[in-house]
Structure formats: structure tokens, C-alpha cells
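Report on the structure given below.
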Ligand SMILES: Nc1ncnc2c1ncn2[C@@H]1O[C@H](COP(=O)(O)OP(=O)(O)O)[C@@H](O)[C@H]1O
Ligand SMILES: [Mg+2]
């Protein structure tokens, strides 16, 4: 397997605070990899370590097969980064912002011009290229920052909470742009987020961290099935205490509880739904609707955090 | 490396001169300074403008003052506006960023001074016709060299102060304090020196060879510049720029 990023026991302290704690990760090349965790989990610090912006306290990092501290320039020339802040020069126009970075990436005048036009057109910003960035909405700025990240076609891209602070439709549009514009390039994307549905929509693999520690890695589907049991939601009338007790005694049932307007049954295994429904009916319940579902990634995530909290 | 330095200078100047909505300086501010020192003052002072001893005073503070504002804005200000970390995440070597920022500030200040000086000479010659006049060549050369060296000094102190300041304003304030100390302490000390020492000192000063004094001054400045730039190179590292 070809890995874009490998870390081994990566650790970074700030004084007595351990921001990243013995993190061992492998990010396959060409994949969108999500680092998922609540605020303060150590996501930004991890990106800084991977880009060689900060030295680790201990542990190893390889990015594109190189050491980001020893070979900083080589690593960073092949990476694009949209960090916590968009990093745009607000006093300059959109076009000048891109032009500056194209110069930094040592593109010649002709390819600068061509690439900037291609990106701005692709994002629907070409007509507004002369406007000063300060006047733009956050959504447009993030789009422009994405264009800046893609300028030199880097094989590896870091995105630190790219949709934070955007409303839902703007965030969705940005994700779409991102996917569209990196689709053919085979780019590896290392993305941090505290937004689960974002991770689920974008990422082939997700690593969940908290307090700098890795809690789990896997595809969103794997994480969900690992953490969440299948469930049954039953809507209707006459769902009383007696029904609840009867259900609880069934072998395949993990737990039963009332939630607002419905009964929530946690299943130990994908048990026979029909038998359980029949039981309820026999107890005098009038059932209107039965829904079967597995846990959302959100629940999986929360249960991971819970589990870890207890220990 | 050289290309990278030029890229940074290009960016700093673009932000400074051509950005609309720049409250601080911009082309207008530069035009005002140049008009004042290149046209108005020479016009007021007549042909004396080229020979007045005041000249050295004016030209010694101008680049210092201009460099100061620019260098603090370009490092502490860039951190404050959250653009510095993205720049550091690019391939640019730290030295290129450092020299680009120092260069942008120094040549900006020095350039404005040079243009004002030359324009002043033109103004004087046009407004007060007579035999063509110019500054004393030695004084002119000394002003150019001194102001360049002084600008580098200020710029590198500005870099070091910016490394420890959260905002451009904070850096600027710290720098102003440094200046007050450097400028006024010697004056205060001079005030309270006993008369006989003062008399002795000025007698000594009178006998000094001007060329020797200038050369010595230059060498001292050059040494200070070298040391400070080396300290800057050592301190201007990505982790130091990101963490505060
Ligand atoms: N420069 C710093 N100095 C001190 N503590 C820091 C610094 N940067 C981050 N931290 C701390 O490290 C932890 C992880 O921070 P961060 O990586 O920014 O988390 P995230 O990006 O996941 O929100 C937090 O507790 C934060 O307060
Ligand atoms: Mg963060």
C-alpha cells in the first residue's frame, strides 16, 4: 500500500498539556481521509505537525515519504493547505491572491494566467475576480481558498475544518466543488472536521480522536456498525409499561425505552422484527409504523467518546 | 531564493500601494510625503535647502519612521490578519520571507527618501534659477548610506519585536518605546552633564575629522545590522512565528 501520510506515536505537548498523544495513523494515497474530533481534540495541531510547521515532542512523521522537518520545502511544495483561517489577503483582489500564490509555487506567467482562469471559472468566481476579498462572504472566501489550494495541483491537500462557519447549503456546495475539482487528479485529501455528516459524505476513512488520542479508525460504515447496534422504532398507541417489560425479556433485545412519541428498541442482533411486533400487538398495542435503522455515524461517534470517557 | 524574496517584496508593495481601502498608507500617503519633502519644503527654504544642516536631521528620521510602520505591519500585522500561517505552509524558505519583508520595508522607505531628495534638488533649481546646484556630494552620499543602514537596523529590530507581538499595533507601540529610549536618553544625559564635561566634549567634537566620524558611524551601524540580521535569521523560524 502506498501511503501519503504515516505517523508513529506522534506526540506534541504545549507545556503540561498534551495536544497530540501517541497518534499512529496511515493515510493511503488517493483517498479522502477524515480526522474527526470535538474542539480541542488536537486536529489543528496534527496538521501543523504534518506540515512541519511545528516540531513534534516525540514520535515520527512521514509525509509523501519524507520528513516534514528535515525536508520541509520538498514536503510543502507538494502540499496544499487550507488551515483554520482562509489565509487570504483581504486587501488584495481575488485574482491577485491567486497570482501571489502561483508566483510562490514558481509557475510561469502563462501557466499562472491559464490556471487561475480555469479555477475561477470552475468555481463561478471569474466575473468577480477583480473584487477585493474583504468584501466577500465567508462562503466565497472559502471557495477562493480552495482554488488557492489547488493552484499547483498538489498530490496532497490539508483542509482544516473547511466548512466551519458556513450555512448548510453553502457547505454542501463547497463539498461538491471540492469533490468535482479533485476527482480526476487522484489527490489525497486530509481533512479535519467536527461535523460527522461531513465526514460521512466525504471520507473513505475516518479517524476519531479526542484529547489527542486515537479512538478508532475505519470507514464510516465500519465505525457505525462497530459502535451502533441496530434499532427498531415503533410508533403507535397503547405502548404501555407491560409491553415494555415483555419486550425487555426477549433474548434478542438489548434495551427498550420510551422516547417522546415512540418506543425505541435496541437489538443485540438483527433479530426478527416481525416476532417483536407480533408480541406488541398481542399486548394490545395499535401499531402505526415500525422503522428499522442502524446507528448514525453521529451516535457511533458519541458512543466512542462516551466509552472513552468512562475509562 | 532570490526569486522568492522578490515575490514577497512584490506582495508587500502590492498590499501597501495598490490595495483600495487601506486606511494606513497607500499611494496617497506616499504622494503626500514626497510632495512635502520634495516640493513644499524646498520651495519654502530656497537654495538653502540643499545646504542646510537641518537636512541630515530630516533625512535621518524619515526612513526610520517609514520602515517601522511597514515592517511591524508585515509581520505582526500579517499574523493578526491570519495570513501568516498559510504563507508558512507554502514552500517558501523562512529566509526568503524574512529578507523579503525586510527588503520591502527598507527599500520602500529608502526609495521614498531618495525620490524626495532628488525631487527637492529639481524643485530648488527650477524655482530659484541660477547656476545649477546640488547637495554636497559627501553629505548626499552619507545620507544615502546612513539611511539605508539605519533602515535595516530598524527593520530587523521590528522583526524581533513583531515576533513577540500579537498585533501590529502592539508591535508598533513597543517599537516606539524603544525609540524614545534610544533617542531621548542620550539627550537627557547630556542635559544633566556638568558644564565642564560638556565644554570638554564639544571641544573634542570640534577637532574631530568629519570623515573619520562618518566612517566610524557607518562601521558601527554596519556591525549592529549584521548582528541583528543574524539574530533575526536564527529567530525567524516557523514554530516561533506560529506560537507566541
Ligand atoms: N499554541 C498553543 N499553545 C498552547 N496550547 C495549545 C496551542 N495550540 C493548541 N493548544 C491546545 O492543544 C489542544 C488541541 O488544540 P487544537 O489542535 O487546536 O485542537 P482542534 O483543532 O482539534 O480544535 C487544545 O487543548 C488547545 O488549547
Ligand atoms: Mg482546529
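From the backbone N, Cα and C atoms, a Cβ is placed for every residue, glycine too.
The transmembrane segment feature in TrEMBL is assigned to B:21-43 (among others).
Counting residues 6+ beyond its ends, the transmembrane segment (B:49-71) has Cβ neighbours under 8 Å at 12, 16, 24-25, 33, 37, 41-42, 101-102, 104-106, 108-110, 112-113, 116-117, 120-121, 124, 133-136, 139, 142-143, 146-148, 150-151, 154-155, 158-159, 162, 172, 175, 179 in the same chain. If you look up TrEMBL, you'll see B:49-71 (among others) marked as transmembrane segment.
For B:105-128 (among others), the entry in TrEMBL reads transmembrane segment. Within its own chain, the transmembrane segment (B:105-128) is flanked in space by residues 9, 12-13, 16, 30, 33-34, 37-39, 41-43, 46-47, 49-50, 59, 62-67, 70-71, 74, 134-135, 140, 143-144, 147-148, 151-152, 155, 158, which lie at least six positions past its ends and keep a Cβ under 8 Å from the stretch.
Positions annotated as transmembrane segment by TrEMBL: B:140-163 (among others).
What TrEMBL lists as transmembrane segment is B:175-193 (among others).
Look at TrEMBL and you will find B:213-233 (among others) tagged as transmembrane segment. Within its own chain, the transmembrane segment (B:213-233) is flanked in space by residues 95, 98, 102, 142, 145-146, 149-150, 152-153, 156-157, 159-160, which lie at least six positions past its ends and keep a Cβ under 8 Å from the stretch.
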